Number of protein chains: 2
Amino acid sequence: MAKYIYAFDEGQKSMKDLLGGKGANLAEMKRLSLPVPDGFTITTEACIEYLKQGAKLSDTLMKQLYTELEAFSQRSQKSFSSDTELLLVSVRSGAKISMPGMMDTILNLGLNDENVKKLAVKTNDARFAFDCYRRLLQMFGEVVYGIPMASFDKYFNQYKKQQGYQNDADIPAEGLKDICEYYKAIYLEKVYKPFPQEPVKQLTEAIEAVFKSWDNERARIYRELNEIPHDIGTAVNIQEMVFGNSGEESGTGVAFTRNPVTGEAQLFGEYLLNAQGEDVVAGIRTPKDIDTLKGQMPTVYQQFVEVSQQLEMHYKDMQDIEFTIENGKLYILQTRSGKRTARAAIQIAVDLVEEGIITEEEALQRVDIKSIDQLLHPNFDEGALKQAVLVSDMGLPASPGATSGKIVFSAENAKFESEKGNKVILMRPETSPEDIEGMIASEAIVTTHGGMTSHAAVVARGMGKCCVTGCSNIEINVTDKIVNYPGGTLYEGDIVSVDGAKGDVYKGEIATIEAESSEAFETFMKWSASKARLDVRMNAETVPDIQAGYQFGAKGIGLVRTEHMFFAPERLVEMRRFILSDTHDQRITALNKIKTYQVVDFEKILELSGDRPTIIRLLDPPLHEFLPNSQEDKQAVANQLEVPINELEQLIENLNEVNPMLGHRGCRLAITYPELYLMQVEAIIESALRLKAQGIACQPEIMIPLVSTVAEFSILKTNINERIDRIQQEAKESIDYSIGTMIETPRACLIAGELARECDFMSFGTNDLTQLTFGFSRDDAGKFIGEYADKGILAKDPFQTLDIEGVGNLVKMATEQAKAVNPEIKIGVCGELGGDHKSILYFNKLNIDYVSCSPFRVPGALLSTAQCEVEVSHKYAK
Amino acid sequence: MAKYIYAFDEGQKSMKDLLGGKGANLAEMKRLSLPVPDGFTITTEACIEYLKQGAKLSDTLMKQLYTELEAFSQRSQKSFSSDTELLLVSVRSGAKISMPGMMDTILNLGLNDENVKKLAVKTNDARFAFDCYRRLLQMFGEVVYGIPMASFDKYFNQYKKQQGYQNDADIPAEGLKDICEYYKAIYLEKVYKPFPQEPVKQLTEAIEAVFKSWDNERARIYRELNEIPHDIGTAVNIQEMVFGNSGEESGTGVAFTRNPVTGEAQLFGEYLLNAQGEDVVAGIRTPKDIDTLKGQMPTVYQQFVEVSQQLEMHYKDMQDIEFTIENGKLYILQTRSGKRTARAAIQIAVDLVEEGIITEEEALQRVDIKSIDQLLHPNFDEGALKQAVLVSDMGLPASPGATSGKIVFSAENAKFESEKGNKVILMRPETSPEDIEGMIASEAIVTTHGGMTSHAAVVARGMGKCCVTGCSNIEINVTDKIVNYPGGTLYEGDIVSVDGAKGDVYKGEIATIEAESSEAFETFMKWSASKARLDVRMNAETVPDIQAGYQFGAKGIGLVRTEHMFFAPERLVEMRRFILSDTHDQRITALNKIKTYQVVDFEKILELSGDRPTIIRLLDPPLHEFLPNSQEDKQAVANQLEVPINELEQLIENLNEVNPMLGHRGCRLAITYPELYLMQVEAIIESALRLKAQGIACQPEIMIPLVSTVAEFSILKTNINERIDRIQQEAKESIDYSIGTMIETPRACLIAGELARECDFMSFGTNDLTQLTFGFSRDDAGKFIGEYADKGILAKDPFQTLDIEGVGNLVKMATEQAKAVNPEIKIGVCGELGGDHKSILYFNKLNIDYVSCSPFRVPGALLSTAQCEVEVSHKYAK
C-alpha cells in the first residue's frame, strides 16, 4: 500500500519529487532542528492518484489522513475539538517546481463558530480570534468554493467606511464578529451552501482544492510554456498554525539571506508586527526593514540571523525565508532558493565561490542564461515605467535595450535627423537591406510585420540595437507618416520609448538605467570561457560590434556579412553600375571601385581579429535588393547612372523574383557572375597582405553561401584558389586562408559527406535551413505562427530554438557524415540558434566545434556551452 | 600484351564494348557467312590507350597493325603496292553507341599518284580511277587535315561550270585528273603539306583522326547530354573497298527491313546505280526505291531480300542495312537496329511478338518512353515546317502538341476571343492561377519566364495542352500588346504556331497531322499495364482529362487540385467574399455558396472514378492568389463586393507575401481558417452520399497538403473526422474514405515515421520537395538553371528528373520509416517526377505503391514502370 502521508520528521530535502519543494524543505529544516511548526505532507503521488480516479479521495488516503491526524494530535497534544488545546492548521500546496496559478494558502483552518469562541477565551483576545476566523472564511471561500475575493473585500471596506474606521486594526472584536456573520451569508448567497463547520471536512475540501488546482488552465498553460510535465502533481502541506497576529510581541516577515537586486552579502527583508500571512505583501501597512527588528526584538533578530546563515550554508545558496514570531518566539515557515536579478545572480555566484561554499562549476549553473541579456543593455526605470502610456504591448522582444527617440518613417529621414543630432526611432511595417544605414542611425527599430528572425530583428540583434517587431496591434502608415495605435495616433517627430527586452513601445520619454559591467561579471565570464567546450564566435562586421564581441569573450568571427557593406551611397552606386553593365569590362570597372572600399573594410576587420579566425561570407542577397523600389528613387538612380528610366525599370522587372529567398542569390550569383566573388576574394587577400606588411598576421576564412551541390562549391573554390595563387605570386607573399561553405539547404546537409571532402570548414546557417526544412518564410510566417503557438503545433519558435526532430536531425546527419569523411574539418553554427541555450545544449552533444552569434549574445552563449560541459562532467562524475 | 586488332572473323556481335557496334556487327555478319568485304577492327581499348598516351600510336599497336596488314594481304591476295591486285580500303569509326560528331568514313584509302594509274589500267576505266582518287583526296583532306569540304566543292563546281558540264558524270577522266591535281594543291595551300602518298601513312593518319575525333567537342557534348561515359572510346574498322561506282552493274544503297515511319512489315529503302558512299544521301541524284531493283537486278534483289530477312531474324529487330553492288555482286557493308518513329516502334514491337520472334517483355524494352508522348499529340507536317518562319527556337518543350492561333496577351481576352470561336495562343511573361480560365480557353500557352515546371508548364501538362516556356530570346510586352522577336514584331491577333514537343514558336499557321491511336498501341499498353508493379494514377480534375487518363490506363486519381475550381467568376467572387469577411458568419455564408459548386465538382469526378481511388487535395495556394492584381481589377472587385477600394487595397497589402511559396498556404490556411477545409470535406462527403444514393460506390481520399509537423495533421484530421461523423450520422449512411497527407517539405520526410502513424496514405509532392531541398524556386530558377546545365553543375533539371542524392534520399528515408511504422500505408508520388522514366526507375526500387502524373503522361509512366519490372525480372532470371 502506497504511503501517501509523511510527517515532517519523516522527510528530507532530497524528497522533492514526492513531497514537493515546500514539503521537502520543511522536513529538512525539521531535521536541522530549526523552529518549524509541526505538520505533515500529503504526497504528489496522492495528487496524481486523486486526479486519475476522477477527483476522488481514495479510502487509502482518507485512512492514512485520519491516522496521521491522530498521531499529530498526540505529538502536539492539541485537537480540532479540544476546548483548551485547540489545533488550527495552515494548508498549502507545494509542487516540485513552484508555479503560478496553483492554489496557495489557507490559514487558521479548524476554526468554526464554536472554536472561535474557545480561541477567544484561551487567548483572552476576542478580537484576535474573530480576525482569524474572518481570514479563514475569506481564504477558504475563495480558494475552495471560488467565491471572488472582491465579494468579501467589498463588504469589509463598506463596513469600515460605515463605521468610520480608518485602519483594519481599529475594528473591534464585535465588528469582526459581525463581519464573520456576513461572510458566512456570502457563502449561502454565492454557492448555496454554508461554510463547513466540521474541521475535518474543511481539511478534506482544502486538500481537494489543492489537488484540483494542479489541473486548472492557468497552471496547465504555465507548465506548457515552461516544459514542466503534467504528470508530476503537487503535494499538500498541513502545518500547525502559529500566529503573527496575536499581539505586539508577534509578527510575520520575509527575508533574503543576500540582497536579491544587487547580490550584496547582507540580510535583506521586511516584517510587520501583529500581522498574519498576506498582510506583508498586501500593502495595507508598510512593512519595516528587517534591520529594525534588531532594535525591537534583539534576541529574535539574532536567532533569525543565525538561522538564515545556517540555511544558506546548508543549501549553499541565497535563501528566501518566511518567518513568524508568536509572542516573542521565532518560527520558520518556509525556505527556498531566492529569486534574484541577473546582476545579483552573478554577484552571489561569484561570492559563494570566493567564500568557499560552492565550486566554480556550481556557480556556473546558478545563473539563468536569459538573464545575461539584461546585464548588457540599459533598462527603463521601473518607477517611471509605471506612469508610462503604452503604444503597443503586443510586439516581440526582438533585440534587448531600452531607449527613447523621435519617430521617423524612412531610413533617409533617420539618417537626416540623426546627423542633426536627434535620437530617432525608425518605425516601418518591415525593413529591408536598403534600410541598413537608417537602422544604424536609429536608436531603435519598431516594425509591425515580421517575427523574431525578420530582417529588422536579425540586423538589430547583430548591431546590439534595441528592436521590437511584429507590433500587430498598431498600424505604421509610411505614406501618411502616422502611427495608429489603440489609444490614438502618433505623428512623425513624436517621442516614443522602446523596450526591446519586453517587446513594448511607450508614448513619450522614459528614464533609463544604464547597464554596468562589474568585476563579478568579468570573473564569471572568465570561468564560463574556461569550462566551455564549444568555441563561441560572433556574427559581426562593424568595428564597434567586433570590439564588443571580443570584449565579451568571442574566440573569432563566425560570420562577416559582406552585403551590409554595399549599401553606403558611394558603394551602392557602383553596385548598381555593376548590375546595369552590358559588358564584362563595365562590370569589372564597377567592381574594382567597390574593391577599393572592401579592402579597407576587411583590413579593419582582420586587424581587430588578429590571429583569431575570421569567416567572411561572400555576397549572399539577390541583386534586386540593390535596386531602388519607389518611383522617385528609380528616377534618381536613372539620372545618376545616366540610363533611360524605362531601361532601368525593365531591368528591375527582369530581376524581380517571385520567391527571392529561393532565387538567384548566394553562390548562384557567383556561378553567373564569377567576377563578383573574385573581387571580394581579391579584397580579402589584398587587405591581409597589407596587414602582413605591417607585421600583423590574420586568418581569413572565405565562406561560400547557399551551396546545394558539390559542383557549385568545387567550381568556385577552384576559381578562388587560382585567383589567390596569382595575387600571392605577384606579391611574393602568402596568406594563411581557408575556404568553406555555409550549410543552409537541406540538400547540403544530405550531401555533407561529399562536400566535406572539398571544404576546410562548414557553418550551418540555421535561419535558412529552418526556413527550407519547414517551408516557412521567416518574413511571412508571422501571419500564422502565433496561431501555431496557441494551438500547440509549435511549442517553440523554430527560428529561436532548434527544431530537434527536423532541422536538428539534418544537422546531426550532416555533422556525422562530414567528420567521418574529413575529421579535420571545422564545423560551426552561425545562424540565430547559435546564441540560444536550448539549441546549444543540442549542438554541444554533436561533433561541432563552435557556435557564432551576435556580439551581445556571446556571454550568454559562452555560459550556455559552459553549463553543458558542467552538466556533462557532473554526469560522468556520478 | 593487349590484343588491339581483331580480324572480322575473330569477332562476334557480343563484342560491342571492344569492337564497337559497327565492328561487332561486321564480324557477326562474317560469322553468318554473309557477303561482307574482308577487313579488321582496331579496338576501343586502343583508342583509350592512344588518348591516354597523349595522342601517340603505341609501338605495340603499330606492330600489330603491320602484322594484321600482312595477314590481310595474305587472305585477300592484294597489297597497297601490287600492280595488279591493288588493295584499297575504307576506314570508319565505330563506337559502342553511335554518335554524331565522330569522324565518319574515308573511302578508297591506298590510292596515290601511282596507284590511281594502276587502278585505271586494271579496271580499264581511267574515269573511275580518278573519280575514286578525287573522292579520297576530298574525304581525307576534310577528315584528317580539317580542310573544309567547301574548298574542294568550290573548285569542283567552278570547274564544271567553266567546262560547261551539267552532271558529275559528264566530267571525263582527264577532267577528274586535273581536279585531283588541283585538290593536291589545296593541301599545300591550306595545311602547308602535301597529301601523303604512302598508303600506310594514309592509314595511320586516318586511324589517328578517328581516335582524336572521340575527344572533339561535339562528341563530348553529345555524350554529356546522353549520359554516355567518356572513357569507352571508339573502334576503327578497316575494310577492303568494293566499288558501287564501277559502272552500271554497280551501285550502293540503304534499306530498312520494315517501314521506319509506319512500322509496316515490308522492305523499305533506296539505292543508286554507279555511285559510291555518300552519293545516296548527298541528294545530287535522286535515289530509286528498292522495289525498282527487283526489275533491274532480280538476282541481286532476291539475294538482298534473303539477307535482310536473315539479319532481322538473327538480330530479332528491324535492321538498317547498307549495301554495295560491285559488277553485279552484292556486298553488305553494315547492319544495325534501325531508327524509327514512335508509331513504327510500337507496331514493330507488337508485330515481332505476334510473329513469335520476341517476347512481350522484350517488346516492352524496344520502345523509348519519350516517344510515347509523340503518339498522343498532333504534330506539325514536316514539309510545311520547312517553310515556316521561326519566332523562337529557344523555348522549353513544356507540354507537347502542335497548334496555331491568334495571339492574345491576357486571360480575359483569351476567353473573349475563344467565346467568339477564335483559336487563341496566350502569350505572357509568366502565368499565375488567375490565368487558369484563360489557359483553358487557349490552344497553347507561350511564356518567356519560367522553366519546365513553372506554373504555365505544370498546368498545361495537366490539361494536356500545348505549352512552350522560357522563350528567352523574345520579349512579350503585355502593356503595349506586342511581341518583339529577333526577326521583327508581332501584334495582338497575329497568328502563330506552337510546337510544344520541340519548344518552338513559328509565325503564321502550319498544317498539323493528328495523333491517331492504333490497335498495336492498345495491345502494347495492355502489356505494359500487366507487367507494371507500381500503379499509375493521374493528376486531373476536369472531365475530359479524367476520361483521357482512364482511357490511357490510369488506376485512379492521384491528385485533384481543388484550387483550380475556385477561379470561375461565380466562385471567385464568393472566395473573395470569404477572404474579405470580418466575421465567422460571413465566412461561413460565402463558403456555403462555394460548397454548392464543389459538391457538383466532386460528384462528377467521383462518378468517373467509381470504385477507383480518388485523392482530393484540399486547398493549397495562399489566399492572395485569389485577389486582383491590376488597379482596374481591384476597382471592379471593390465595386462588386461593395467594399471601399482602400480597404481592399489594405487587405491585399496585408496578405502580400515576400516568399509566397513559403507562406501562409496549404494546411497552414486550415489551421487559421478551419472552416475552409471543412467546407471542402463536406462537399466531398455529400457528393459521395449523393452517388451512393444512385448506387454508385466511390473511394474519396482526402489529402492535406504542405504538412511539416505531426500536430498540423492530427488537428486537421480530428476536425475532419468529427465533421464527417456528423454528416454521416445525419445522413444515416457511411462513406468509405481515407485521410492522408502530401509530403512536400524536407521536415515531413524527416518525421515520416511519426506522420505514418496518423495517415492512411502519403503522397510525395516532388515539385515543392525539390524546391525546398535545393532552395530553388521553380518560378525563379530559370535565371540561372541554364548556366547550371552549361557548367555541368546539374546534369539534369531536378524538377524533371529526380535528384537522387538529395530529394531521392529524403524520399527513401521517409518511405522506409513510414512503412516500418505502418506497413498498411499507401505511398505514392504525385509531383512532376511521377511521370519521368529515370525517376520512376528509382521509385520502383523503393517500397512505393503508385506514381501519379498528367493524363497524357500515363502511358509513358505505365511503360516506364513495366520496363523497370522487365529489367528487374531479367536480372533475377540471369
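Even glycines carry a Cβ here, placed using N, Cα and C.
Where the annotation comes from TrEMBL, it is an automatic prediction and has not been curated.
Keep in mind that this is a model prediction, so the values were computed, not measured.
Among A:Glu642, A:Glu744, A:Glu787, only A:Glu744 appears in TrEMBL as part of the substrate site alongside A:Arg561, A:Arg617, A:Gly765, A:Thr766, A:Asn767, A:Asp768. Looking at A:Arg561 (substrate binding site) and A:Cys830 (active site, proton donor), their Cα atoms lie 11 Å from each other.
Long-range Cβ proximity for A:Asp768 (substrate binding site), meaning a same-chain Cβ under 8 A and a gap of 6 or more residues, is found for A:Met661, A:Leu706, A:Glu744, A:Thr745, A:Gly831.
The largest share of C-beta pairs under 8 angstroms with the domain 'Pyruvate phosphate dikinase AMP/ATP-binding' (A:303-348) comes from A:57-296, of the ranges A:57-296, A:423-503, A:517-867. Comparing the binding-site residues A:Thr766, A:Asn767 by how many other C-beta atoms lie within 10 angstroms of each C-beta, the top residue is A:Thr766.
Of the chain residues outside the substrate site list A:Arg561, A:Arg617, A:Glu744, A:Gly765, A:Thr766, A:Asn767, A:Asp768, A:Leu559, A:Asp620, A:Pro705, A:Met742, A:Phe764, A:Leu769, A:Cys830, A:Gly831 have their Cβ within 8 Å of the site's Cβ mean position. For the domain 'Pyruvate phosphate dikinase AMP/ATP-binding' (A:303-348), DSSP puts the residue distribution at 20 helix, 17 strand, 9 coil. Between the C-alpha atoms of A:Asn767 (substrate binding site) and A:His455 (active site, tele-phosphohistidine intermediate), the distance comes to 11 Å. Spanning the residues A:Arg561, A:Arg617, A:Glu744, A:Gly765, A:Thr766, A:Asn767, A:Asp768 that the record associates with binding substrate, the maximal Cα-Cα distance equals 15 Å. According to DSSP, A:Asp768 (substrate binding site) is assigned to a helical segment. DSSP places the residues of the domain 'PEP-utilising enzyme mobile' (A:423-503) in helix, strand and coil in these numbers: 18 helix, 29 strand, 34 coil.
Checking the recorded positions (A:His455, A:Arg617, A:Gly765, A:Thr766) against A:Cys830 (active site, proton donor) with a 10 Å Cα-Cα cut-off leaves A:Gly765, A:Thr766. Applying an 8 A CB threshold to same-chain residues 6+ apart, the list for A:Arg617 (substrate binding site) reads A:Leu559, A:Val560, A:Arg561, A:Thr562, A:Met703, A:Pro705, A:Met742. Taking the Cβ of A:Cys830 (active site, proton donor) as centre and 10 Å as the limit, one finds 28 other Cβ atoms among all the protein chains shown. Checking the recorded positions A:His455, A:Arg561, A:Glu744, A:Gly765, A:Thr766, A:Cys830 against chain B with a Cβ-Cβ cut-off of under 8 Å leaves A:Glu744.
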